[in-house]
Amino acid sequence: MKFCPNCGKLLRIQRQKDKIVYFCTTCGKISEENVKSGLLNNKPRQQEKQAKIIDSSSADTETLPKTRVICPKCGNAEAYWWMQQTRAADEASTRFFKCVNCGNVWREYD
């Protein structure tokens, strides 16, 4: 990686006629120094592993902690609960509830 000496942005590689150069998309600076053809790699990236999706209805919820909270669907006063980061890392986690009686799942934000 190489950065623009003028504005500090990441330089891109570009072909110009019979040579390869670095160029800045922000200020237009072009640099021909130390550009090697080996930097251009046309190999496909390795395929990323797929995330495993777990259906919450089939997950063993009996191991989750319980709390006293009113279910908005059936009015039962007990639910399983867990926390999960669903927003940006600098924001609070989301609290999820699953009714012990009817299985309704809802969330609560702080």
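Sequential numbering from 1, following the chain as shown.
Quick reminder: no glycine exception, Cβ is built from N, Cα and C everywhere.
The Zn(2+) 1 binding site annotation in TrEMBL covers C4, C7, C24, C27. Using a 10 Å Cβ-Cβ cutoff, C7 (Zn(2+) 1 binding site) registers 12 neighbours.
According to TrEMBL, the Zn(2+) 2 binding site annotation covers C71, C74, C99, C102. Annotation for C99 (Zn(2+) 2 binding site): spatial neighbours C71, K73, C74, N76, E78, A79, V105, criterion Cβ-Cβ under 8 Å with sequence separation of six or more.
Feature annotation from TrEMBL assigns domain 'TFIIS-type' to 67-107.
According to TrEMBL, the feature region 'Disordered' maps to 38-61.
As annotated by TrEMBL, zinc finger applies to 4-27. For the zinc finger (4-27), the mean pLDDT of the prediction comes to 80.
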Spatial neighbours of C27 (Zn(2+) 1 binding site) that are distant in sequence (at least 6 apart) but have CB under 8 A: C4, N6, C7, K9
C-alpha spacing of C24 (Zn(2+) 1 binding site) relative to C102 (Zn(2+) 2 binding site), in angstrom: 59
